[in-house]
Amino acid sequence: MTALLSVLLALSLPSALLCLLTPLLHRPPFAAVLTRVLPFFIPSPDVSAANKDNKLHSALSRLVQLDYAFPGLFPAIGFAILAAWLTGAAVGAARDVFLQRGFKGRDLLKPRRRSDHFIPETMGLPAACITILLLYLFIPFRYVSPSTFSTADGGLSGATRAAFLYKGYYKGYGPHLFTALPRPSALRINPRQIAENLGVGIKSVAALSPSTQQALNPDGGWSGDLAGRADLPHHELAAFLGACLSLSSATMLGFLDDVFDIRWRYKLPIPLVSSVPLLVVYYTGGGGTHVVVPGFLKSLIGGGLIDLGPLYYLYISLLSTFCTNSINILAGINGVEVGQALVIALSLVVNDLLYLDERAGEVGSRSSVELVGRHLFSLSLLVPFVGTCIGLLYWNRYPSRVFIGDTFCYFAGQMLAVAGVLGHFSKTLLLFFLPQIFNFLLSCPQLFGLVYCPRHRVPHVDAETMGLHPSLAIFGAKPQKGLQRGEGKAGFKASLTAVILRIFELLRLAALVRVPEEEAGSVDLNGIKGGERSKSAKGKGRVIACTNLTILNAILVMRGSRPRPDLARADELPILAAEFGIPVPSAAQPSSTTTTTTIAGTALSAEDEAALRRKLRKLCEGGRSSNKEGAVKVSEFGLWVYVMGVQVVGSVLAFSVRYWLAPVVFPHF
């Protein structure tokens, strides 16, 4: 597999180089060099020199035409190829260094590995750093290339320049093309410098003709005017630098989280800090704060738009927080964090490409010049990020050889948020997070304290079959004061929890673990009396645990995989044994030759722990063999495929809502 990847990357490097040099193809000496080199890469059935020249001329002119219509697109593709190659190489080279520095952990879903087998963690850091560095290198290719001209001072739009090339206003392909293309003035006339030379106010300079201003300012404003060059998109460049600043801060904060293991209560608002440059750039760019209302509400509000004002900036900040944490929450198996980020990024790239039209602004075009610029900006961020995800997924896929840590989750979420907000499609961005939104809503009972939330909610694995089973949230692991009385605020909370869990059970989003209850007057941990339980639960017993409320466990429940209490953590075994009425073995004193496990203040030997697990397994299976024919088995890789399928279905649904349902519900105002 490594050799195949190396061959593919080696074959892609020439195409990456060609993409990077596309903005310079028409400038000497690149044009003369490519005229001699490119024919070797262009197969032709006709060996005549004239036909070769025509094909070469057609290929080069088409490349330059597309580059002028969509500036920065080809360099972004080239940097994506470099990002995939550099990320794979950097992660492979840094693994041992991270292990030596103590950034390591065990894979909980690989029980057959030795206890001293560690995997390097926080490997999202080199991937994020490489992406940010490549974005820095992308700046001159996008904002200093000949295709980057503004429409002011005689500049032409991308579509106009493309039309100029397409109509054939040049002969041949070489240095003549650079001089034939209409160009604006190189530098902005500096009114402050002219006013200083004349000893007058700046207002007086405005009355002078442009020719007089140019004559009085022969250096063209070289003196360092902050207004800068007239032919550069200054705000777009500022937005790009602001995006890089947000990504850098998100990477730094994610790395701090990996190092210091910040608690959730402090971790949630961290992305708000990274979104500050994003908000400032959006505000200075005159970003809109209006939202379109459904057609049936137009008559009620007197129009099709509502100005949210400052609330819209609050929405942007919360969107950044959601994108970051949603990728972090949907985790637990090899490759799922990188995989979901890759699918979302590819979906956004496809969405951006739908708006690229060489005839933008003309009659019959499906897009406008403004829309093309917005989505080109988004592509300049997302396309290199796709390459980074591919290179990182090579190491993080099943069986994972590296763990990416919270660093990549912060970085990936911030990247997607920045592309959506600065590309001015933040509401469309949310549609591609439908699986993450569903996972967040499903997890709310645990995130907000209605259901006990253990530190790790990853599925359990059977060491014999390597099949996955839903992990459990055991209510007795964290008893709540006042819950047994079933009264007051605690009683209402318990009743609400019971209703939510039974709805989830009905929808097959969760599975409940019950034990027989004989005392009719007792109250279980959900606050339901025994008499009421016999009616509502149909005699199934008292609920003592439920599967952890994540989309990973929900998929396992839907596939028919049952929760296995015997696979619970060692510190949870005595709680489950007490709930099922199984006596906990008396612990022997630990010795130098006996392996022991400390559980709830009691030390159990390895033999007693194994015996307790066997009793729980036999009790839960009702004496049936666990290896019977037809038993459901979902492997870790199979679960990853299911999750990626859900993510792809979510993207298809997002496209359907955006381009089919939205025009119906939100007609043009």
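Note that Cβ sites are derived from N, Cα and C of the backbone, with glycine treated the same way.
Feature annotations, courtesy of TrEMBL:
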- 1-19: signal peptide (SIGNAL)
- 73-98: transmembrane segment (TRANSMEM)
- 118-139: transmembrane segment (TRANSMEM)
- 237-256: transmembrane segment (TRANSMEM)
- 268-292: transmembrane segment (TRANSMEM)
- 338-356: transmembrane segment (TRANSMEM)
- 376-395: transmembrane segment (TRANSMEM)
- 407-425: transmembrane segment (TRANSMEM)
- 431-453: transmembrane segment (TRANSMEM)
- 637-661: transmembrane segment (TRANSMEM)
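Here the transmembrane segment (118-139) touches the transmembrane segment (407-425). Their Cβ atoms form 3 or more pairs under 8 Å, with each pair 6 or more residues apart. Within the chain, the transmembrane segment (268-292) has long-range Cβ neighbours (under 8 A, six or more residues past its boundaries) at 235, 238-239, 242-243, 245-247, 249-250, 253, 257, 262, 304-313, 316-317, 320-321, 323-325, 410, 413-414, 417-418, 421-422, 424, 427, 666, 669.
Of the candidate ranges 73-98, 431-453, 637-661, 73-98 has the most C-beta pairs within less than 8 angstroms of the transmembrane segment (376-395). Between the transmembrane segment (431-453) and the listed ranges 338-356, 407-425, 637-661, the one holding the most Cβ pairs under 8 Å is 637-661. Same-chain neighbours of the transmembrane segment (637-661): 330, 333-336, 339-340, 343-344, 347, 350-351, 398, 428, 431-435, 459, 468, 551-552, 555-556, 559, counting only residues six or more beyond its ends whose CB sits under 8 Å from a CB of the stretch. Remote same-chain partners of the transmembrane segment (338-356), defined as residues 6 or more beyond its termini with a Cβ less than 8 Å from a stretch Cβ, comprise 70, 73, 327, 330, 366-367, 371-372, 374-376, 378-379, 382-383, 385-386, 389-390, 392-393, 396, 404, 408, 412-413, 415-416, 419-420, 423, 425, 428-429, 432-433, 435-436, 640, 643-644, 647-648, 651, 654-655, 658.
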